[in-house]
């Protein structure tokens, strides 16, 4: 197994241009596919999850042209649904942002489509989405365990109507349903059961749909109305914002060991909820400066916070490791959906924080972290989870440094993360 040793870092400073958002990249690729016209996507993320989506689209007959560095994609839309005369089997790795939306989109047309993935994908729930699609007339069959991939879709189109979907597990279920609803045979009313997690991710979806000419009526996140007869029209160009979750590591670095760290590609005009991570750092005592398309973090003594972070679940992981450098006990609440991500992130985070000496209380949907008097060095397991590797890079700011196991797992969203992280040192 590959390991990366991060020696102690005294101070960080510099500027990082954040690579494109995974969430926006895969949503935009699917909408461009369903749209009429050719769309040029710029600042597209070049990572494993996006490659799985692109490979699947190519297999489904979608034509696109990628720039040499894979960050510009010119895609010819189908002007409607995806159909195939022959049976197709698509491998989607561990890319939830490809599996859930494609599962929904492939019910719209005609054909037989089988969706598979890595072993962890077979543990990531999709049942709530499939139940909703079945209610609208879709024929979806599980190949192993009910409620989980792999699955086969025998597509004949999607009816309109009223449908319920759970909101308390993953916003990706609702996102997938929203994106396909305009191409159903009738109007669709989506009723959300339970508290909707990660509302800002739904805002991203609705904003992108609007860019492609489709209107969603949002009744206070409890009901969403999509009127029949709409179609996606290419806006010609889509700029993919920098990934706000990825920005969190560099902003935390600035807060802990700044110096001054500036991230560009996200800012106050961002449509991503995870930019609110900077507000949490500010509550902890960091000096934060906002621009339209940049955020600056400067170092200052940090104190613990006790906050509901349901609205920023991915970026909240960075707070868990930043808490080791804050005075007092930090509590991160309402984060049950950490458990159904690339790994069970609540259990993984608790295990690895204890390795470095932290006192940790792991609840069903919260984590409570008290830093040790002296942080210990350790070998951090990353569970094939990109965010675990990036979060624990913060331990380079301890006097003892840290070792990261399987550092290349960052290829899911940020292949050259550790190179960029090193550029801030000195």
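Cβ atoms are placed via backbone N, Cα and C, with glycine included.
Of the residues 162, 220, 314, Swiss-Prot puts just one in the 3-phosphoshikimate site with 22, 23, 27, 170, 171, 172, 198, 337, 341: 314. Here the Cβ of residue 172 (phosphoenolpyruvate binding site) has 26 other Cβ atoms within 10 Å, regardless of which shown protein chain they belong to. Within 10 Å of the Cβ of residue 22 (3-phosphoshikimate binding site) there are 27 other Cβ atoms, across all protein chains. Ranked by how many other Cβ atoms sit within 10 Å of their Cβ, the binding-site residues 124, 345, 412 place 124 at the bottom. The distance from the Cα of residue 387 (phosphoenolpyruvate binding site) to the Cα of residue 314 (active site, proton acceptor) comes to 8 Å. Compute the center of the Cβ atoms of 22, 96, 124, 172, 345, 387, 412, which mark the site for phosphoenolpyruvate; besides them, the chain residues with Cβ within 8 Å of that center are 49, 94, 95, 97, 314, 341, 342.
The binding-site residues 171, 198, 337 differ in how many other CB atoms lie within 10 Å of their CB, and the one with the most is 171.
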